[in-house]
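Accompanying notes for the structure given below.
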Amino acid sequence: MSDEDDVDDVDAEQDEVESDKEIEEWEDYRKETEEASEEWLPTPITEAMMKEGLSLLCKIGSGLAHAYIKLEAKDRDLTDISLLRSYIHLRYVDISENHITDISPLNSLTHLLWLKADGNQLRSARMNELPYLQIASFSYNQIIDTEGIFHPRLGSLDLKGNRIHQVTGLDPERLSSLHTLELRGNQLESTKGIYLPKLKNLYLAQNLLKKVEGLENLSNLTTLHLRDNQIETLNGFSQEMKSLQYLNLRSNMISDLAELAKLRDLPKLRALVLLDNPCADETDYRQEALVQMAHLERLDKEFYEDDDRAEAEEIRQRLKEEQDQDLDPDQDMEPYLPPV
């Protein structure tokens, strides 16, 4: 494994630790804002606020005119962004940590590339198709579904910390560029509805999932986070998931080590996390994982050594010999003697 691969694994775990801390902080923030919601006063964004938040002067159109293309209007207690309809040249918009319930004014921003609307009171991320939007973040709102999201160049979509029960409306034809989907910390009861062929990174931790289903054909998926769910079995994985390298199943309910055999068809899986599952308390836990998945390089936080691999290979060979004997029809058969 290359040094770059090592760094990728460390980055994945570090991102997870930081995200866990972020979720806790946002949950505290959400409780505070919900308690204070009755005290919110209507606060529309004003020209003065726009003047303060605008930056990045660029040429527009034929290059003879100029306009500011970046707006930061974060944490201003905003409830209304209607004024943005007239700022059609904006490409980068941050309206996080406000009290916004309606983002329809953003439909006019047809040049928008980057949108951050975290920590508001949105119940939907629905917008008109924005042809150039590449990154959109709606984390820690009150969003209840995934309908109305169809931007052809959207590569990263963050919906963590919302109230989504089911994934619907994510059309692979209209989200053909989506490579990263963040749904951590919702109320998902199923992984169905996520057939997005270009998807590389999928974050489903801290939901209510009991099984994996509907992900079998995600052939480009490299990272799958399923931590802190209620998964008991490892059904739902297939050899079509030929790019999957990192699988995090920490803090689920997997008790039977035999379930690990269902991961053998993942040809590129090299890092698996199963900490805080009942099966991780078994005596032969690490050995059994390597016996089932010869290509595995790391289990939880520890890498396998050469001695571990040699021992696992011996066990595999012994099991194969025993299986071959069981299948041999001539083994231990009494010789046939014709009657006298």
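Positions of Cβ are set from backbone N, Cα and C atoms, glycine also.
For reference, Swiss-Prot has these:
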REGION    1-38  region 'Disordered'
COMPBIAS  1-27  compositional bias 'Acidic residues'
REPEAT    89-110  repeat 'LRR 1'
REPEAT    111-134  repeat 'LRR 2'
REPEAT    177-197  repeat 'LRR 3'
REPEAT    198-219  repeat 'LRR 4'
REGION    205-340  region 'Interaction with RSPH9'
REPEAT    220-241  repeat 'LRR 5'
REPEAT    243-264  repeat 'LRR 6'
DOMAIN    277-315  domain 'LRRCT'
COILED    305-328  coiled coil
REGION    317-340  region 'Disordered'
COMPBIAS  323-333  compositional bias 'Acidic residues'
Which numbers of helix, strand and coil residues does DSSP report for the domain 'LRRCT' (277-315)?
22 helix, 4 strand, 13 coil
Within the same chain, where does the repeat 'LRR 4' (198-219) have neighbours whose Cβ lies under 8 angstroms from its own Cβ atoms, ignoring anything closer than 6 residues to its ends? I mean 6 or more beyond.
16, 19, 23, 160, 176-192, 225-238, 240-243, 248
Remote residues contacting the repeat 'LRR 5' (220-241) - C-beta distance under 8 A, at least 6 residues beyond either end
12, 16, 179, 184, 191, 197-214, 247-256, 259-260, 262-263, 265-267, 273
What is the number of residues in the repeat 'LRR 6' (243-264) that are helix, strand and coil, as DSSP sees it?
7 helix, 3 strand, 12 coil
